[in-house]
Each structure stands twice: as structure tokens, then as C-alpha cells.
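> Could you have a look at this structure, given as C-alpha cells, before my questions?
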Amino acid sequence: MHTLYLASGSPRRREILENLGFKVIRIPADIDETPHSDEKAADYVQRMAQEKNAAAVEQWFAAHDASPEYPILTADTTVAYQNHILGKPETEAQAAEMLARLSGQTHQVLTAVCVYWQGKMHGVLQTSDVRFKTLSAEEISAYIRSGEPMDKAGAYGIQGLGGVFVEHLQGSFTGVMGLPVYETVGLLEQFGLSIPPFA
């Protein structure tokens, strides 16, 4: 069984990695996640994954006298609609506004993944197109009352109740969840890691 350091608090990313057969050890990576003025979603999400990784590596070396024994993985996911970044809503009103904008429309979900190991860092970006059905005000209100939208980019979780809003998905289901399996496995293979159970 391979072991990974995961610098993310996302239970979804941890679950995906554990389902692939990894032992996952959480480590911290605290950064400022504010987008730059006029920053494009693809640039933003890749910068976040890279900065989280750099912060995790820096914190590792500050606390240990040796290089990390296992790869350090970071990821960031954001939702973009008409070139606007939709992060995690801070209020229920923001969540309602985001969901109303996505209603009946196609948006993009971008997930960037970075891995550091043995002095090298590699990254990958995965983008999916997601189309929502038209949402009624009642559906939006009920979904917000469930509490699910409040800690998720774009104010919904595809693996939960928010999945009922998805009319069409072109791309990676796990990428929309927060960690694209195919791309992540390819990234780890660049470091010579073969993924169970195929090892």
C-alpha cells in the first residue's frame, strides 16, 4: 500500500484516495485563497494548488530535518461561469445568488492537482462542463436549508443532493468532486508510483 501526505481538509479528496488504495496522512497547508484582480479561473486554480503545495513543503521542512518520506499532494477546485470565479459562498444569500446564476446554464468546474516528491513538483489541470437543469426558487431555498452548499465551490456538491441538479456532465465526475482520478493517477505515475490494485 502506498502512502500519501494530503495537504487538504477535504473529506471527498481523502475518500477518493483511500478508495484507490492509498494510506492518507493529512498535513497542513494554510494560504491566502483570494483571487487576484481579473485572474482567470484556470490560472487561479493552478496557482492555488501550487501555492498550497509549496506551503505544505515549506512547513514540512520547517518541522523536520529530512525530506518528506512520501509524496505531498494538494488540489484546488473552483467553479467558473462566464469567466467569473464562483468560490465557496460566505452567506446563504451568496449561495442563492450562485445557484440562480447556474440554473439552466452550463458552467465549468476546474480542478488542479500538484504533487511534490524527491525535490520535484508536477501538476495537472482538469476541466469539466456541467449543465444544470432550471431551478425553481423553492428548490434553491430547500437546498440551501440542507446546509450542503455552504462549504463547496459554486454552492453545490455533485456527490450529494446537488447531483439532482446536474442535467449533463462532460468531463470527470471525480474532478467535479475535487480530485480527478484519471489525471491524478497519471500524475503519480510520473513519480514511478503504480496504483493498486494493478501494481
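Glycine residues also receive a Cβ, built from the backbone N, Cα and C atoms like all the rest.
TrEMBL lists these features:
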{"type": "SITE", "residues": "Arg12", "note": "site 'Important for substrate specificity'"}
{"type": "ACT_SITE", "residues": "Asp76", "note": "active site, proton acceptor"}
{"type": "SITE", "residues": "Thr77", "note": "site 'Important for substrate specificity'"}
{"type": "SITE", "residues": "Gln159", "note": "site 'Important for substrate specificity'"}
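On this model, are these features tucked inside or out on the surface, and what's nearby?
Around Arg12 (site 'Important for substrate specificity'), the same-chain residues at least 6 positions away in sequence with a Cβ under 8 Å from its Cβ are Gly157, Gln159, Met177, Gly178, Leu179. DSSP assigns Arg12 (site 'Important for substrate specificity') to a helix.
The Cβ neighbour count for Asp76 (active site, proton acceptor), using a 10 Å radius and every protein chain shown, is 25.
Counting every protein chain shown, the Cβ of Thr77 (site 'Important for substrate specificity') has 27 other Cβ atoms within 10 Å.
A 10 Å cutoff on Cβ-Cβ distances gives Gln159 (site 'Important for substrate specificity') a total of 16 other Cβ atoms nearby, all chains included.
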